[in-house]
Amino acid sequence: MIVLGIETSCDETAAAVVNDKREILSNRVLSQLDDHRPYGGVVPEIAARAHLEHLDRLVAEAMDDAGVEFDDLDAVACTGGPGLIGGVMVGTMTAKAIAFAAQKPFMAVNHLEGHALTVRLTDDVAFPYLLLLVSGGHCQVLIVEGVGRYKRIGTTIDDAVGEAFDKTAKMMGLGYPGGPALEKIAEKGNPNRFGLPRPLRGRPGCDFSFSGLKTAVRNYMDGFPVEQQTEDVKADLAASFQRAVGDTLIDRARNAVFEFMQDYPAGNTLVLAGGVAANKYLRGRLTELTDQAGMKLVAPPLDLCTDNAAMIAWAGLERFRLGERDDLDFKPRPRWPLDPEAPKRPGAGVKA
Ligand code: KG4
Ligand code: ZN
(Lines of atoms letter the chains of each structure in order from A; the text may use other names.)
(Lines give C-alpha, C1' and ligand atoms only; values in the text may rest on other atoms or scores of the structure.)
(Ligands and ions follow the chains in the order given, each with its own letter.)
Protein backbone atom coordinates (compact mmCIF):
# COMPACT_ATOMS: atom_id res chain seq x y z
CA MET A 1 0.00 0.00 0.00
CA ILE A 2 1.52 3.34 -1.09
CA VAL A 3 0.15 6.77 -0.21
CA LEU A 4 1.18 10.26 -1.33
CA GLY A 5 0.76 12.94 1.34
CA ILE A 6 0.58 16.73 0.97
CA GLU A 7 0.91 19.30 3.78
CA THR A 8 0.20 23.02 3.32
CA SER A 9 -1.58 24.12 6.50
CA CYS A 10 0.97 26.63 7.74
CA ASP A 11 4.39 27.74 6.48
CA GLU A 12 5.88 24.46 5.25
CA THR A 13 5.09 23.21 1.77
CA ALA A 14 5.57 19.45 1.93
CA ALA A 15 5.03 16.26 -0.05
CA ALA A 16 5.94 12.69 0.94
CA VAL A 17 5.32 9.08 0.02
CA VAL A 18 4.99 6.30 2.61
CA ASN A 19 4.00 2.65 2.45
CA ASP A 20 2.28 0.25 4.83
CA LYS A 21 5.61 -1.36 5.75
CA ARG A 22 6.22 1.88 7.63
CA GLU A 23 8.81 3.05 5.13
CA ILE A 24 9.13 6.72 4.26
CA LEU A 25 9.95 6.49 0.57
CA SER A 26 10.38 10.25 0.23
CA ASN A 27 9.87 13.30 2.42
CA ARG A 28 10.28 16.78 0.92
CA VAL A 29 9.76 19.84 3.12
CA LEU A 30 10.20 23.38 1.83
CA SER A 31 10.26 25.90 4.65
CA GLN A 32 8.94 29.37 3.87
CA LEU A 33 10.86 30.94 6.76
CA ASP A 34 12.69 33.42 4.57
CA ASP A 35 9.40 34.68 3.08
CA HIS A 36 7.88 35.36 6.51
CA ARG A 37 10.91 36.42 8.55
CA PRO A 38 10.69 40.15 7.67
CA TYR A 39 7.22 40.19 9.26
CA GLY A 40 8.18 38.30 12.43
CA GLY A 41 5.48 35.67 11.91
CA VAL A 42 3.51 33.75 9.29
CA VAL A 43 1.57 35.97 6.87
CA PRO A 44 -1.35 33.82 5.62
CA GLU A 45 -1.57 35.37 2.15
CA ILE A 46 2.15 35.03 1.52
CA ALA A 47 1.99 31.42 2.73
CA ALA A 48 -0.88 30.55 0.37
CA ARG A 49 0.91 32.08 -2.63
CA ALA A 50 4.15 30.30 -1.79
CA HIS A 51 2.34 26.94 -1.50
CA LEU A 52 0.79 27.57 -4.91
CA GLU A 53 4.15 28.39 -6.44
CA HIS A 54 6.07 25.41 -5.07
CA LEU A 55 3.68 22.55 -4.40
CA ASP A 56 3.54 20.99 -7.90
CA ARG A 57 7.33 20.83 -8.02
CA LEU A 58 7.57 19.33 -4.54
CA VAL A 59 5.05 16.63 -5.39
CA ALA A 60 7.01 15.76 -8.54
CA GLU A 61 10.24 15.59 -6.51
CA ALA A 62 8.66 13.43 -3.80
CA MET A 63 7.31 11.02 -6.44
CA ASP A 64 10.73 10.93 -8.15
CA ASP A 65 12.60 10.31 -4.89
CA ALA A 66 10.23 7.46 -4.08
CA GLY A 67 10.57 6.05 -7.60
CA VAL A 68 6.82 5.72 -8.07
CA GLU A 69 4.23 6.96 -10.58
CA PHE A 70 0.74 8.24 -9.76
CA ASP A 71 -0.54 4.91 -11.10
CA ASP A 72 1.36 3.05 -8.34
CA LEU A 73 -0.42 4.95 -5.56
CA ASP A 74 -3.25 3.48 -3.53
CA ALA A 75 -4.47 6.84 -2.28
CA VAL A 76 -3.73 10.57 -2.28
CA ALA A 77 -3.88 12.28 1.12
CA CYS A 78 -3.65 15.95 2.04
CA THR A 79 -4.15 18.11 5.09
CA GLY A 80 -7.82 19.10 4.95
CA GLY A 81 -7.49 21.33 8.05
CA PRO A 82 -7.17 22.76 10.61
CA GLY A 83 -4.87 25.56 9.51
CA LEU A 84 -4.56 28.71 7.44
CA ILE A 85 -7.37 28.34 4.98
CA GLY A 86 -5.58 29.65 1.86
CA GLY A 87 -2.82 27.08 2.23
CA VAL A 88 -5.21 24.25 3.06
CA MET A 89 -7.16 25.08 -0.11
CA VAL A 90 -4.02 24.89 -2.26
CA GLY A 91 -3.09 21.46 -0.86
CA THR A 92 -6.63 20.13 -1.05
CA MET A 93 -7.18 21.24 -4.65
CA THR A 94 -3.86 19.74 -5.70
CA ALA A 95 -4.56 16.41 -3.99
CA LYS A 96 -8.07 16.25 -5.44
CA ALA A 97 -6.75 16.98 -8.93
CA ILE A 98 -4.17 14.19 -8.70
CA ALA A 99 -6.72 11.77 -7.24
CA PHE A 100 -9.23 12.61 -9.96
CA ALA A 101 -6.75 12.42 -12.83
CA ALA A 102 -5.15 9.18 -11.61
CA GLN A 103 -8.51 7.72 -10.52
CA LYS A 104 -7.27 7.10 -6.96
CA PRO A 105 -9.08 7.49 -3.64
CA PHE A 106 -8.76 10.89 -1.98
CA MET A 107 -8.18 11.26 1.77
CA ALA A 108 -8.61 14.58 3.62
CA VAL A 109 -6.51 14.26 6.76
CA ASN A 110 -6.84 16.21 10.00
CA HIS A 111 -3.40 17.82 10.50
CA LEU A 112 -3.59 17.06 14.23
CA GLU A 113 -4.26 13.41 13.49
CA GLY A 114 -1.08 13.49 11.39
CA HIS A 115 0.90 14.60 14.47
CA ALA A 116 -1.02 12.16 16.68
CA LEU A 117 -0.30 9.05 14.59
CA THR A 118 3.32 9.78 13.55
CA VAL A 119 4.70 7.54 16.31
CA ARG A 120 2.93 4.58 14.75
CA LEU A 121 4.99 5.20 11.62
CA THR A 122 8.29 5.59 13.47
CA ASP A 123 7.84 3.28 16.49
CA ASP A 124 5.80 0.28 17.57
CA VAL A 125 3.09 2.09 19.48
CA ALA A 126 -0.25 0.36 19.99
CA PHE A 127 -3.56 1.95 21.00
CA PRO A 128 -4.52 3.25 23.49
CA TYR A 129 -1.92 5.89 24.34
CA LEU A 130 -1.81 9.23 26.04
CA LEU A 131 -0.85 12.10 23.74
CA LEU A 132 0.60 15.47 24.65
CA LEU A 133 0.19 17.51 21.48
CA VAL A 134 2.30 20.63 21.64
CA SER A 135 2.64 22.85 18.59
CA GLY A 136 2.38 26.45 17.43
CA GLY A 137 -1.41 26.38 17.39
CA HIS A 138 -2.23 23.69 19.94
CA CYS A 139 -1.54 22.45 23.41
CA GLN A 140 -3.77 19.53 24.22
CA VAL A 141 -3.79 16.25 26.11
CA LEU A 142 -5.72 13.50 24.39
CA ILE A 143 -6.34 9.85 24.93
CA VAL A 144 -5.85 8.16 21.57
CA GLU A 145 -8.16 5.14 21.56
CA GLY A 146 -7.74 4.39 17.87
CA VAL A 147 -7.64 5.97 14.44
CA GLY A 148 -10.24 8.75 14.50
CA ARG A 149 -11.02 8.10 18.18
CA TYR A 150 -9.76 10.85 20.45
CA LYS A 151 -10.76 11.95 23.91
CA ARG A 152 -9.48 15.39 24.80
CA ILE A 153 -8.89 15.66 28.54
CA GLY A 154 -7.00 18.96 28.60
CA THR A 155 -6.28 22.02 26.48
CA THR A 156 -4.79 25.47 26.81
CA ILE A 157 -7.02 28.22 28.09
CA ASP A 158 -4.95 30.92 26.38
CA ASP A 159 -1.75 30.50 24.33
CA ALA A 160 -0.46 27.30 22.77
CA VAL A 161 2.95 26.32 24.10
CA GLY A 162 4.73 26.90 20.75
CA GLU A 163 3.06 30.29 20.57
CA ALA A 164 4.43 31.08 24.05
CA PHE A 165 7.93 30.10 22.85
CA ASP A 166 7.55 32.21 19.70
CA LYS A 167 6.18 35.30 21.47
CA THR A 168 8.72 35.10 24.28
CA ALA A 169 11.56 34.72 21.78
CA LYS A 170 10.24 37.67 19.80
CA MET A 171 10.16 39.99 22.82
CA MET A 172 13.73 38.91 23.60
CA GLY A 173 14.76 39.83 20.07
CA LEU A 174 15.66 36.24 19.13
CA GLY A 175 13.98 36.45 15.73
CA TYR A 176 11.66 34.04 14.05
CA PRO A 177 10.88 31.18 14.47
CA GLY A 178 11.32 31.56 18.19
CA GLY A 179 11.11 28.03 19.59
CA PRO A 180 14.38 26.61 18.26
CA ALA A 181 16.23 29.93 18.82
CA LEU A 182 15.08 30.08 22.44
CA GLU A 183 16.08 26.48 23.07
CA LYS A 184 19.53 27.19 21.66
CA ILE A 185 20.39 30.17 23.85
CA ALA A 186 18.79 28.53 26.90
CA GLU A 187 21.54 25.87 26.77
CA LYS A 188 24.04 28.45 28.07
CA GLY A 189 21.69 30.06 30.60
CA ASN A 190 21.07 29.72 34.32
CA PRO A 191 17.51 28.41 34.78
CA ASN A 192 17.40 29.55 38.42
CA ARG A 193 18.16 33.23 37.90
CA PHE A 194 14.64 34.49 37.24
CA GLY A 195 11.58 33.47 39.25
CA LEU A 196 8.72 32.80 36.85
CA PRO A 197 5.18 31.53 37.47
CA ARG A 198 4.08 27.93 36.89
CA PRO A 199 0.50 28.65 35.77
CA LEU A 200 -2.19 26.29 37.11
CA ARG A 201 0.37 24.20 39.00
CA GLY A 202 -1.25 22.05 41.64
CA ARG A 203 -4.74 22.58 40.30
CA PRO A 204 -6.89 19.59 39.36
CA GLY A 205 -7.37 18.73 35.68
CA CYS A 206 -5.05 18.87 32.70
CA ASP A 207 -5.65 22.32 31.23
CA PHE A 208 -2.74 24.64 30.47
CA SER A 209 -2.14 28.35 30.58
CA PHE A 210 0.93 30.16 29.27
CA SER A 211 0.03 33.81 28.87
CA GLY A 212 1.02 34.76 32.45
CA LEU A 213 4.42 33.19 31.94
CA LYS A 214 4.94 35.21 28.78
CA THR A 215 3.91 38.41 30.56
CA ALA A 216 6.32 37.69 33.43
CA VAL A 217 9.18 37.41 30.92
CA ARG A 218 8.12 40.71 29.39
CA ASN A 219 8.17 42.38 32.81
CA TYR A 220 11.74 41.19 33.42
CA MET A 221 12.81 42.40 29.96
CA ASP A 222 11.18 45.79 30.55
CA GLY A 223 13.00 46.05 33.88
CA PHE A 224 16.36 46.09 32.12
CA PRO A 225 17.46 49.19 30.24
CA VAL A 226 18.24 48.19 26.63
CA GLU A 227 22.02 48.32 27.16
CA GLN A 228 21.70 45.80 29.99
CA GLN A 229 19.74 43.31 27.90
CA THR A 230 22.92 41.35 27.29
CA GLU A 231 23.33 37.87 25.84
CA ASP A 232 23.80 36.57 29.40
CA VAL A 233 20.54 38.08 30.60
CA LYS A 234 18.70 36.65 27.60
CA ALA A 235 20.24 33.21 28.04
CA ASP A 236 19.29 33.14 31.74
CA LEU A 237 15.79 34.34 30.98
CA ALA A 238 15.38 31.76 28.20
CA ALA A 239 16.61 28.97 30.47
CA SER A 240 14.28 30.12 33.28
CA PHE A 241 11.37 30.27 30.85
CA GLN A 242 12.08 26.82 29.46
CA ARG A 243 12.32 25.35 32.94
CA ALA A 244 8.97 26.93 33.88
CA VAL A 245 7.39 25.41 30.75
CA GLY A 246 8.91 22.03 31.63
CA ASP A 247 7.57 22.20 35.21
CA THR A 248 4.15 23.21 33.94
CA LEU A 249 3.97 20.44 31.34
CA ILE A 250 5.04 17.84 33.91
CA ASP A 251 2.52 19.05 36.47
CA ARG A 252 -0.39 19.06 34.02
CA ALA A 253 0.67 15.80 32.34
CA ARG A 254 0.93 14.10 35.74
CA ASN A 255 -2.80 14.56 36.26
CA ALA A 256 -3.39 13.25 32.75
CA VAL A 257 -1.25 10.17 33.36
CA PHE A 258 -3.21 9.45 36.52
CA GLU A 259 -6.53 9.73 34.70
CA PHE A 260 -5.28 7.64 31.77
CA MET A 261 -3.89 4.83 33.92
CA GLN A 262 -7.14 4.58 35.87
CA ASP A 263 -9.32 4.35 32.79
CA TYR A 264 -6.93 2.44 30.50
CA PRO A 265 -4.79 0.14 32.66
CA ALA A 266 -3.41 -1.58 29.54
CA GLY A 267 -1.91 1.65 28.22
CA ASN A 268 1.70 2.42 29.13
CA THR A 269 2.86 5.07 26.63
CA LEU A 270 2.97 8.84 26.72
CA VAL A 271 3.47 10.26 23.24
CA LEU A 272 4.88 13.72 22.76
CA ALA A 273 4.06 15.20 19.34
CA GLY A 274 3.87 18.51 17.45
CA GLY A 275 6.57 21.08 16.71
CA VAL A 276 7.48 21.72 20.36
CA ALA A 277 8.22 17.99 20.78
CA ALA A 278 11.44 18.83 18.90
CA ASN A 279 12.66 20.54 22.09
CA LYS A 280 15.29 18.25 23.60
CA TYR A 281 15.12 19.80 27.06
CA LEU A 282 11.36 19.23 27.29
CA ARG A 283 11.71 15.67 25.99
CA GLY A 284 14.22 15.04 28.77
CA ARG A 285 12.01 16.60 31.42
CA LEU A 286 8.98 14.54 30.45
CA THR A 287 10.93 11.31 30.88
CA GLU A 288 11.15 12.25 34.59
CA LEU A 289 7.39 11.86 34.70
CA THR A 290 7.17 8.68 32.64
CA ASP A 291 9.99 7.07 34.63
CA GLN A 292 8.13 7.81 37.86
CA ALA A 293 4.87 6.47 36.44
CA GLY A 294 6.45 3.33 34.95
CA MET A 295 5.47 4.50 31.47
CA LYS A 296 7.37 4.91 28.24
CA LEU A 297 7.85 8.31 26.56
CA VAL A 298 7.82 8.14 22.79
CA ALA A 299 8.42 11.13 20.54
CA PRO A 300 9.03 11.12 16.79
CA PRO A 301 12.49 11.98 15.44
CA LEU A 302 13.02 15.76 15.40
CA ASP A 303 12.30 16.27 11.69
CA LEU A 304 8.96 14.47 12.00
CA CYS A 305 7.88 16.60 14.99
CA THR A 306 7.61 19.81 12.99
CA ASP A 307 5.19 19.96 10.08
CA ASN A 308 5.84 17.48 7.28
CA ALA A 309 3.88 15.44 4.75
CA ALA A 310 5.05 11.97 5.82
CA MET A 311 2.73 12.27 8.83
CA ILE A 312 -0.15 13.24 6.54
CA ALA A 313 0.52 10.34 4.16
CA TRP A 314 0.73 8.00 7.14
CA ALA A 315 -2.51 9.20 8.77
CA GLY A 316 -4.15 8.89 5.34
CA LEU A 317 -2.84 5.34 5.04
CA GLU A 318 -4.07 4.39 8.51
CA ARG A 319 -7.57 5.61 7.60
CA PHE A 320 -7.45 4.15 4.09
CA ARG A 321 -6.68 0.65 5.30
CA LEU A 322 -9.69 0.85 7.61
CA GLY A 323 -11.82 1.38 4.53
CA GLU A 324 -12.35 5.12 4.90
CA ARG A 325 -12.50 7.44 1.86
CA ASP A 326 -13.31 11.13 1.38
CA ASP A 327 -15.38 12.71 -1.36
CA LEU A 328 -13.95 15.06 -3.93
CA ASP A 329 -16.42 17.66 -2.68
CA PHE A 330 -14.72 17.74 0.73
CA LYS A 331 -14.52 21.37 1.96
CA PRO A 332 -11.27 22.51 3.63
CA ARG A 333 -11.79 23.08 7.35
CA PRO A 334 -10.00 26.00 9.06
CA ARG A 335 -11.11 24.49 12.38
CA TRP A 336 -11.30 20.77 12.95
CA PRO A 337 -11.11 19.46 16.53
CA LEU A 338 -9.89 15.90 17.05
CA ASP A 339 -12.53 15.43 19.72
CA PRO A 340 -15.68 17.27 18.65
CA GLU A 341 -17.40 16.27 21.91
CA ALA A 342 -14.86 18.09 24.10
CA PRO A 343 -16.26 21.18 25.81
CA LYS A 344 -15.15 24.50 24.32
CA ARG A 345 -12.65 26.51 26.32
CA PRO A 346 -12.80 30.29 25.94
CA GLY A 347 -9.86 31.48 23.84
CA ALA A 348 -8.52 27.94 23.43
CA GLY A 349 -5.90 27.28 20.69
CA VAL A 350 -6.76 29.25 17.57
CA LYS A 351 -6.68 26.25 15.29
CA ALA A 352 -8.56 23.95 17.74
O1 KG4 B 1 3.73 21.48 14.55
P2 KG4 B 1 4.38 22.72 14.04
O3 KG4 B 1 5.52 22.60 13.07
O4 KG4 B 1 3.32 23.68 13.40
C5 KG4 B 1 2.03 23.78 13.91
O6 KG4 B 1 1.19 22.91 13.54
O7 KG4 B 1 1.83 24.68 14.77
O8 KG4 B 1 4.88 23.54 15.33
C9 KG4 B 1 5.54 24.77 15.20
C10 KG4 B 1 5.83 25.29 16.58
C11 KG4 B 1 6.38 26.73 16.60
O12 KG4 B 1 5.70 27.45 17.59
C13 KG4 B 1 7.85 26.52 16.95
O14 KG4 B 1 8.44 27.63 17.61
C15 KG4 B 1 7.78 25.32 17.85
O16 KG4 B 1 6.83 24.48 17.24
N17 KG4 B 1 9.08 24.64 17.94
C18 KG4 B 1 9.82 24.59 19.08
C19 KG4 B 1 11.01 23.93 18.75
N20 KG4 B 1 10.97 23.59 17.42
C21 KG4 B 1 9.77 24.04 16.95
N22 KG4 B 1 9.55 25.04 20.32
C23 KG4 B 1 10.48 24.84 21.27
N24 KG4 B 1 11.66 24.23 21.03
C25 KG4 B 1 11.98 23.76 19.81
N26 KG4 B 1 13.13 23.15 19.58
ZN1 ZN C 1 1.66 20.99 13.07
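A Cβ is built for glycine as well, from the same backbone N, Cα and C atoms used for every other residue.
Taken from TrEMBL, the feature Fe cation binding site covers HIS111, HIS115, ASP307. According to TrEMBL, the feature substrate binding site maps to LEU133, VAL134, SER135, GLY136, GLY137, ASP166, GLY179, GLU183, ASN279. Here TrEMBL flags 328-344 as compositional bias 'Basic and acidic residues'. Marked as domain 'Gcp-like' by TrEMBL: 23-314. Annotation comment: TrEMBL describes 328-352 as region 'Disordered'.
Per-residue confidence over the domain 'Gcp-like' (23-314) averages out at a pLDDT of 96. Excluding HIS111, HIS115, ASP307, which define the Fe cation site, the same chain contributes GLU7, SER9, CYS10, THR79, LEU112, GLY114, SER135, GLY274, GLY275, ASN308, MET311, ILE312 within 8 Å (Cβ to the Cβ centroid), listed in sequence order.
Under 6 Å, Cβ to nearest atom of ligand 2: this is the test, and of the binding-site residues LEU133, SER135, ASP307 it is passed by SER135, ASP307. A Cα-Cα distance of 9 Å separates SER135 (substrate binding site) from ASP307 (Fe cation binding site). Contact annotation for binding-site residues (LEU133, GLY179, ASN279, ASP307) versus ligand 1: GLY179, ASN279, ASP307, each with CB under 6 Å from a ligand atom. Taking only the Cα positions, the spacing between GLY179 (substrate binding site) and HIS115 (Fe cation binding site) is 18 angstrom. Annotated pair LEU133 (substrate binding site) and ASP307 (Fe cation binding site), C-alpha to C-alpha distance, rounded: 13 Å. The number of other Cβ atoms within 10 Å of the Cβ belonging to SER135 (substrate binding site), over all protein chains shown, comes to 27. Cβ packing within 10 Å was compared across the binding-site residues LEU133, GLY137, ASN279, ASP307, and the lowest neighbour count falls to GLY137.
A helical conformation is recorded for GLY179 (substrate binding site) in the three-state DSSP classification. Note: HIS111 (Fe cation binding site) has non-local neighbours GLU7, SER9, THR79, GLY81, PRO82, GLY83, ASP307, ILE312, TRP336, i.e. same-chain residues 6+ apart with C-beta under 8 A of its own C-beta. Less than 8 angstroms from the CB of HIS115 (Fe cation binding site) sit LEU133, SER135, ALA273, GLY274, MET311, each of them six or more residues away in the same chain. In this view, GLY179 (substrate binding site) is surrounded by 25 other Cβ atoms within 10 Å of its Cβ, with every protein chain counted. Counted with DSSP, the compositional bias 'Basic and acidic residues' (328-344) comes out as 0 helix, 0 strand, 17 coil.
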